[in-house]
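Undergrad: Pulled these features from TrEMBL for this protein:
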type	residues	note
DOMAIN	43-291	domain 'G-protein coupled receptors family 1 profile'
TRANSMEM	27-49	transmembrane segment
TRANSMEM	61-81	transmembrane segment
TRANSMEM	93-122	transmembrane segment
TRANSMEM	143-164	transmembrane segment
TRANSMEM	198-222	transmembrane segment
TRANSMEM	243-262	transmembrane segment
TRANSMEM	274-294	transmembrane segment
Amino acid sequence: MQPPLENESIVLVFTLSGLNEMMGNRFVFFSLTALYYPLIVLCNVIIIYTVISHKKLHEPMYVFICNLCMNGLFGTAGFYPKFMYDLLSQYHLISYVGCLIQIFVIYSYVLCDFSTLTAMAYDRYVAICRPLEYHSVMTNQRILECILFCWLSPFFCMCVLIVVTSRLTLCGSSIEKLYCENWSVVKLSCFSTTVNNVIGYVIIIIYFGHAVLIFCSYIHLIGKCRKSTEGRNKFIQTCVPHLLALLNVTVALLFDVLYTRYGSRSMPQDLRNFMALEFLLVPPMLNPLIYGLNLTKLRKEVMRLFKKRSRNI
């Protein structure tokens with residue numbers, strides 16, 4: 001049995017110190033965030049509403065795009081409201097329970113992005129490589145299974161991570177980020193964190209493995225699509241946006257992992273904050289724009305929706 005430490009205490013509140021050097025411009029950042037976050041919500045809601053309200057878009061690819069946008073709303077809701085509150089507050093505090101909830105929401109969102117992109121890659125593989133079997137393979141039941149996989153597997157991973165983190169005895173309460181992040185809490189532990197490290201690395205490897213699997217499947221698809229003009233056009237229209245979305249979220253998560261685990265305090269605070277926020281800034285906005293502008297059928301329905309609204313006004 002390990003002896004109690006002098007600094008050991010029951011932590012009820014964490015201090016988020018990532019905003020300390022930004023407070024001089026906090027009203028500028030608040031104004032930009034107050035414009036940007038509603039824009040994220042608007043873009044994603046438009047895509048979700050368009051897919052749900054038009055039966056011709058009730059196809060696997062558009063259902064997965066809708067799921068990607070719903071996930072974007074879920075993840076950003078775990079960060080932006082609290083961030084905006086902190087910009088206007090003198091003290092940047094978050095409760096222990098609130099911190100664990102924020103960790104769960106933000107990182108479930110990231111993992112769900114990878115799962116959804118993996119499901120979309122499977123859909124494109126069947127559509128291009130097995131077109132005659134597509135409707136018999138991508139049934140409503142299969143789509144439901146894919147959607148459940150997209151949400152339940154990240155939720156399970158994060159539940160395991162939260163449970164092992166919540167069992168740690170902490171010797172500090174200061175988190176040097178703009179939001180709660182699992183590794184930042186684990187680093188405050190008084191004792192060994194080997195179990196947390198192993199589980200964390202296993203989850204990282206599994207989900208970066210998703211990205212490798214998708215890239216490998218797309219290399220195979222490129223070989224298939226080169227044989228016909230129709231195949232090339234289908235690949236460019238449906239797969240290139242998917243690859244852009246995958247590259248976007250992979251680079252964003254890589255930034256966060258590298259910054260969190262190996263980042264130096266000598267780096268400027270603004271750069272550290274950007275690296276920590278990249279996956280909450282870019283993917284939630286870029287995903288609806290990539291698919292809304294590139295996929296012809298979806299773009300036409302979005303434009304028709306805007307024209308209909310403008311006539312009513």
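Each position is counted from 1, following the chain as shown.
The backbone N, Cα and C atoms fix where each Cβ goes, glycine too.
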Undergrad: Pairs of Cβ atoms less than 8 Å apart decide it: which stretch in 61-81, 143-164, 198-222 has the most with the transmembrane segment (274-294)?
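TA: So the stretch in question is 61-81.
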Undergrad: Give the nonlocal contacts of the transmembrane segment (61-81) in its own chain as ranges (CB under 8 Å, at least six residues past its ends).
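TA: Same-chain contacts beyond the flanks: 33, 37, 40-41, 44-45, 47-48, 51-52, 101-102, 105-106, 108-110, 112-113, 116-117, 119-120, 123-124, 127, 143, 146-147, 150, 179, 238, 245, 280, 283-284, 287-288, 291, 295, 297-298.
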Undergrad: So if I exclude everything within five residues of the ends of the transmembrane segment (27-49), which remaining residues of that chain have a CB under 8 angstroms from its CBs? That is, six or more out.
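TA: Distal contacts: 65-66, 69-70, 72-73, 76, 80, 83-84, 87-88, 281, 284-285, 287-289, 291-292, 298, 302, 305.
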Undergrad: Mean pLDDT, the domain 'G-protein coupled receptors family 1 profile' (43-291)?
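TA: Mean model confidence (pLDDT) across the domain 'G-protein coupled receptors family 1 profile' (43-291) is 86.
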